[in-house]
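Each remark here refers to the structure printed beneath this line.
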Amino acid sequence: MSQQTTIRKLAELVNTPVEKLLEQLAGAGMKFSGPDQVVTSSEKVKLLGFLRRSHGKPEQAPEESDQSAKKITLNRRKQQEVTVNSGRSKTTVNVEVRQKRTYVKDGARAMTPDEERADILRKLEESRARNLAEQQALAEKDRLRDEAIVRAREEEIAAKERAEAEKKAAEEAAAAAKAAEALAAAKPKRAPIDETAPRPPRTPAAAPAAPRSAPPPPRNDDRNNRSAPRNERGPGDRFAGQMHLSAADRARRGNSNNSNTRGRPGGRNQAGGRRDMSRGGNNAGPHAFERPTAPVVREVAIGDTITVADLAQKLALKGGEVVKALFKMGVMATITQSIDHDTAALVTEELGHKAIRANDNDAEDALLASTGENQGEATQRPPVVTIMGHVDHGKTSLLDYIRRTKVATGEAGGITQHIGAYHVDTPKGVISFLDTPGHAAFTSMRARGAKLTDIVVLVVAADDGVMPQTKEAIQHARSAGVPLIVAINKIDKSDADPMRVKNELLSEQVVAEDFGGDTQMVEISAKTGLGIDDLLDAISIQAELLELKAVDEGRASGVVIESSLDKGRGPVATVLVQQGRLKKGDYLVCGIQYGRVRALFDETGKQPEFAGPSIPVQVLGLSGVPEAGDDFVVVEDERLAKDVAQQRETKRRESRLVATAGSRMEDIMATLGKGEGQQVLNLVIKADVQGSVQALSQALVALSNEDIRINVIHSGVGGITESDANSAAASKATVIGFNVRADASARRIIESNGVDLRYFSIIYDVIDQVKQVASGLLGVEIREEIIGIAEVRDVFRSSKLGAVAGSMVIEGVVRRNKPIRVLRDSVVIFEGELESLRRFKENVEEVRNGTECGIAVKAYNDVKPGDQIECFERIEVPRTL
């Protein structure tokens, strides 16, 4: 389209009426008086933009419109049937395949002369660069070829020099051999043996042999004479002191051996005759092996555990000898049994060898090396605060007020039964709280919480004072070296006495700042919120004094606070990050468990992107439920994580086998000497979290005494399964479910086998119920109770009853047909049964204190005045723990 296009011509080209085109030009801001006026290219572009805007389309450059016109997109759909094998049956599935393809029409717009010139220059530059690269490649190829030629020449020269040196060495060896032969020829020769001379008899009784005719002279006479001096020297003298023989010496040794054996009686000649195989003589060389004269002391590398067979192999002894040595030491072990390092070291030294410690921690060393790389700049981190104190003193209520939640009401029995981890964004900054149980059974939980923490807040009720778990919490804080802040709670109650609490803490060496000490004590009320701000201020001040810092970047490491088994999510571990940053997708190792982090959850159920230092989170994706208190660390890949976990599992299993395997002889004798009637109560414990499992196991095993032993045969996290029920049925155990339930298959097995299954939600009830069950196993105890004492005043004789003691009841009641004892000078001289009890010649059933009576003792007539008759009865008393 030329530059002199009129409005009329443009209307014909676009097939639009002239009046409408004039209106569109006017709308675009261009005034034209008539259809014969000329429209420029810029005005056309302006009109096109106005029309695109009016139709709701973005403005587009001509090049883009041209390119879009040359582009087409096709959507294709194709349906087909696919057969899927699922077990024994086949299923047909309809599959729809969708394809989207875009086609672009080739061809570009015509280039301007400047663009053509630039394109030609670009192609020339590319050709020049390509030629330069080819020249450089040819030059490099020539250089490599020249280097190969030079290297081949150098190797050829070196080979020639080596051959000349070997030839020269062979000539020198031949010259030395000739000189040795000449020296040997110069020695005096031994007289030749006269074959015709008669030989002396071997024994005096043997008759002299008749002279034989002279045989023909031997053909090899000169050769035998030449070899005679060589035989005098012996075949080993020439090569004495040489460890490695050259080819010439090896050939000469072979020739000399052949010459020595050729032509002799009994030797093998060239015709194939028999060779003399007798030992000794001049041909006998030194032995290849000599028996050691001193004992061989070996250094044996021993790991943490080793089997008896492996130890015997390292000691080069038979397994029976090692077992015998172990028996002498008092250790009963079989050849396939594992023993610990100390026992293996002792038996090794007993057998005369030296034991050294073997390093079998390859995976652990690699883990330490990988974690040691996480070095960065330490930044300030939030403090970790543990709330500790006696049960029902308001620890969880205090944390509830700070978090503005209601956790205490949701706890069974109103007491905390596992560690709760939270981080709270307070006006004083972020603070991470750990809420520990106060019950006596949760000692290990409180100790674990004290080790993880930076500051311990000891909650003491103002109306209750210092209690046993309060003292225990003080000891945990001291052993962990953690600063203590005392929160005196419940000051809003009428009988609150904070001064009494301070005085009682003073006896535990916890001195308040008011009394000149260094322990901050804050009076609070978790119910009304009084003093909570002062407590947060005290925590912030203490955290500033501690200058808490940690590396915020790199691989994370920390401690497992609690763990559980969720039916829908699998193993769940609550961890506290201490260093680095824990992210989704990291590979981590927790004790003997490993896995990849599939998800992170905070205490509110949200999924954070990462967790930094001092932040507790829940981790999903582990291979199993880790132990509470295990350390966790993030590693670079899954292979290292798996190796470390398997190595730890192997060590733990071997240690457990060593601990439970064959007892020592003294242990067996002690077991035989103990009461054979000791009862055993087997338990299977399943709980919701790992910390509760540990607390229950420790608390219940501690109930054992010399009469009954409580044995936890299995414990774990999660619901009661079929395997748990089978284990309990086989061992006749009681199943305890703490905040968990049995599934349908487990209930069927429990009902069919009559297994005792009990559900609990409070640890008090568990301990009380187990005490009752154990008491039922103990049975009853027969106890003797004295009910009356009578003093003999006089003795009467009766023809029917014999001796009758006229007595006075001085204490209690004497009853008929009850067992009695006769005491003389406070010493029991007879024990029997009361045969007759009379008062005024009338038989009575009992005689009370201060009343006279006549007593006849069955089968006993040696009653004297002054004796005492003790009447007692036997009662059954239930035995308790």
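Every residue gets a Cβ built from N, Cα and C, even glycine.
Database features, via Swiss-Prot:
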type: BINDING; residues: 389-396, 435-439, 489-492; note: GTP binding site
type: COMPBIAS; residues: 81-92; note: compositional bias 'Polar residues'
type: COMPBIAS; residues: 172-186; note: compositional bias 'Low complexity'
type: COMPBIAS; residues: 219-236; note: compositional bias 'Basic and acidic residues'
type: COMPBIAS; residues: 254-263; note: compositional bias 'Low complexity'
type: DOMAIN; residues: 380-549; note: domain 'tr-type G'
type: REGION; residues: 53-92; note: region 'Disordered'
type: REGION; residues: 163-292; note: region 'Disordered'
type: REGION; residues: 389-396; note: region 'G1'
type: REGION; residues: 414-418; note: region 'G2'
type: REGION; residues: 435-438; note: region 'G3'
type: REGION; residues: 489-492; note: region 'G4'
10 Å Cβ neighbour count around D392 (GTP binding site)? 16
What three-state secondary structure does DSSP assign to K395 (GTP binding site)? helix
State the count of C-beta atoms found within 10 angstroms of the C-beta of T436 (GTP binding site), not counting that atom itself. 28
Cβ neighbours within 10 Å, counted over all protein chains: which one of the binding-site residues G389, K395 has the most? K395
The compositional bias 'Low complexity' (172-186): DSSP-derived helix, strand, coil residue counts: 14 helix, 0 strand, 1 coil
Conformational class of T436 (GTP binding site) under the three-state DSSP mapping: coil
Mean per-residue pLDDT in the region 'G2' (414-418) works out to 46
